[in-house]
Amino acid sequence: MVNTEKDLEQQFTSINTSIQRVNIPPPQPFFKTFKSSLKETFFPDDPFRQFKNQSSSKKFVLGLQYFLPILEWAPRYTFQFFKADLIAGITIASLAIPQGISYAKLANLPPILGLYSSFVPPLVYAMMGSSRDLAVGTVAVASLLTASMLGKEVNASKNPTLYLQLAFTATFFAGVFQAALGFLRLGFIVDFLSHATIVGFMAGAATVVCLQQLKGILGLQHFTHDTDLVSVMRSVFGQTHQWRWESAVLGCCFLFLLILTRHISIKRPKLFWISAMAPLTSVILGSLLVYLTHADMHGVQVIGELKKGLNPPSYSDLAFGSPHLMTAIKTGIITGVIALAEGIAVGRSFAMFKNYNIDGNKEMIAFGMMNIAGSCTSCYLTTGPFSRSAVNYNAGCKTAVSNILMATAVMITLLFLTPLFYYTPLVVLSSIIISAMLGLIDYGAAFHLWNLDKFDFVVCMSAYFGVVFGSVEIGLVLAVSVSMLRVLLFVTRPKTSVLGKIPNSMTYRSVDQYSVASRVPGVLILHVDAPIYFTNASYLRERISRWIDEEVDNLKSSGETTLQYVILDMGAVGNIDTSGISMLEEVKKHTDRHALKLVLANPGSEVMMKLHKSKLVEGIGPEWIYLKVGEAVEACNFMLHSYKSASGPTKTKSETQDNNV
């Protein structure tokens, strides 16, 4: 006996009632929803969890420990830890002293500032930082940025006082910016510097820094202030008559020594101390050589006199009223972001090796406070450099006390040993910088990006060539712009795919990814792989319409079962805005014109709530919204097999009533 249409509708209704329907979430007060969104945006780690159900005194102690982590781990500190930290502190001090002097010269600042910057900031970080392995100090990239950005406004050799004031002011604003990011929990801003961007930027900056050191290696008195490859090469080969062979030979010898010791330490990690001690050894040997041979009389430039004594206060030198204040602010923000990205990345890397976590927001606050304190005590920008932190890690440090012990060694140097650096040749400092920079040119990471993701490789190369052939700022802006372009492409052009059924299962996957996935006759299943916003609504409308039109044409040309149902899998659609709702309404109109039925599968709570408020649930029909793609396909197959003679999809009861009206 042939079933009547009424009987089939009753069967369809009974099947639907046996299936768990997609619930519409209960309405929530606006303030509660807003508070929840704010919490998830800025407090995903729930930092206040530890304060729950605690007394007022305990909350006060926990608050102090949050901002001063040293109060949390210091009571558990042991003599065994101290012995390990002492070895690490002395080891990194031997690296920090020559590197500090070298990087200060790179920033066109007095060499003594490099030692000052290795004294106060490490003490502040030891109290406020959450990393056990980070060794604080100056870095080459920030030094180069400081020199290039401030040097465009003020000549360091012609107006050293103003240049120094701007450097302190830039450091102050870098610290304020870093601390503000931490207090306001806006660390995601640093995330705009992707891994590919940092790899390319660091390699480009390292290349530029190495090229800049040709001035010291060749013993040149005058050199270009520009950092691009063309300007540097023009400056080098335009002064061939001023090249000093004595300086070049000395520089090449020490560079070979440093590279050799670095190679030994890489091949045999237990001999890390050889590479760590090599810079200070080079300084001592170079100074003795110059002193004994009077090489300073034959064209080999030396550091000269370094002032004895600890950091003098510099808060009165902060140039808030200077006409160049905006340059100092811009320099501070850019160098601050770069320093944060490097320091946090290094800290997280070593924390992963030792299986502990560091708090990114605490790190930002610690970096910010140490740079604010540094700007008031004759220091310029500091962070956690990779080379120094790697030595600290390999030396077996246990806590941040290694920074305190390093600062103590620097303090002793400032009080008693600075006269010993008088005869230190600048060419040795150039060799130290070049050897350190070679480690930042990560060829392996670039090849890995090429093999893994071509777009990331383009981002990396954009940063590299932008820095090398333009400037540090151009390279940074170019890389961030290309990265943002990629984000915009992902947002505005989300992936859509046709799903098919995996044999012997109720699983539906992309037919492009799984060759065994079979299409369901008469049903087109489309997967949208992104939230639907105004930026991609138009694209998705056109793309879905194209999928439908192509499927209809293909089925007509092949003479197979005509298309009657379109299922949208919305499992990956985390949210939808009003433009997205309008897009779905237009898609429904498009399916109606083709006499097709639109079916939704697996919409999330946010999506379902907005579909309900916009009355689109009633337009589509609640009975055509399913929890799973498999359930939606079963319902469509039931209707297809029940109405084989129909040329289009069976009209639901509501549709029949609409047509009768």
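For all residues, glycine too, the Cβ spot is worked out from N, Cα and C.
Caution: TrEMBL annotation is automatic and unverified by curators.
Taken from TrEMBL, the feature transmembrane segment applies to 134-151 (among others).
Sequence-distant contacts of the transmembrane segment (163-184) (same chain, six or more residues past either end, CB-CB distance under 8 Å): 42, 107-110, 146, 149-151, 153-156, 190, 314, 317-320, 322, 324-325, 327-329, 331-333, 335-337, 339-340, 361-376, 378-381. As annotated by TrEMBL, transmembrane segment applies to 163-184 (among others).
The transmembrane segment annotation in TrEMBL covers 196-214 (among others).
Long-range contacts of the transmembrane segment (243-260) within its own chain (CB-CB distance under 8 A, at least 6 residues past either end) are made by residues 216-220, 278-279, 282, 285-286, 289, 295, 298-301, 425, 427-428, 430-432, 434-435, 438. Residues or ranges marked as transmembrane segment by TrEMBL: 243-260 (among others).
Annotation comment: TrEMBL describes 272-292 (among others) as transmembrane segment. Counting residues 6+ beyond its ends, the transmembrane segment (272-292) has Cβ neighbours under 8 Å at 91-92, 94-95, 97-99, 250, 254, 257-258, 261-262, 264-266, 300, 302, 390-391, 394-395, 420-425, 427-429, 431-432, 435 in the same chain.
Taken from TrEMBL, the feature transmembrane segment applies to 333-353 (among others).
The transmembrane segment feature in TrEMBL is assigned to 403-422 (among others).
Residues annotated as transmembrane segment in TrEMBL: 429-450 (among others).
Residues 141, 144-145, 148-149, 192-194, 196-197, 199-201, 203-205, 207-208, 226-230, 334, 338, 455, 530, 533, 535-536 of the same chain sit 6 or more residues outside the transmembrane segment (462-491) yet have a Cβ under 8 Å from a Cβ within it. Residues or ranges marked as transmembrane segment by TrEMBL: 462-491 (among others).
Positions annotated as domain 'STAS' by TrEMBL: 513-636. Confidence for the domain 'STAS' (513-636), expressed as mean pLDDT, is 89.
The transmembrane segment (196-214) is in contact with the transmembrane segment (429-450), judged by 3+ CB-CB distances under 8 Å for residue pairs 6 or more apart in sequence. Within the chain carrying the transmembrane segment (429-450), a Cβ under 8 angstroms from the stretch's Cβ atoms is held by residues 98-99, 101-103, 105-106, 140-141, 196, 199-200, 202-203, 205-207, 209-210, 213, 215-217, 251, 254-255, 258-259, 262, 278-279, 282-283, 303, 386-387, 456-457, 460-461, all 6 or more beyond its ends. Across the domain 'STAS' (513-636), DSSP classifies residues as 63 helix, 21 strand, 40 coil. For the transmembrane segment (134-151), same-chain residues at least 6 beyond its ends with a Cβ under 8 Å from one of its own Cβ atoms are 92, 96, 99-100, 103-104, 106-109, 114, 117-118, 121-122, 125, 163, 166-167, 170, 201-202, 205-206, 208-209, 212, 225, 227, 327-328, 330-331, 334-335, 338-339, 342-343, 346-347, 350, 370, 380-385, 388-389, 391-392, 397, 400, 402-403, 406, 433, 436-437, 440, 471-473. Within the chain carrying the transmembrane segment (333-353), a Cβ under 8 angstroms from the stretch's Cβ atoms is held by residues 129-134, 139, 141-142, 145-146, 149, 170, 173-175, 177-178, 181, 187, 189-190, 193, 198, 201-202, 360, 363-364, 367, 371, 381-386, 389, 393, 473, 476, all 6 or more beyond its ends.
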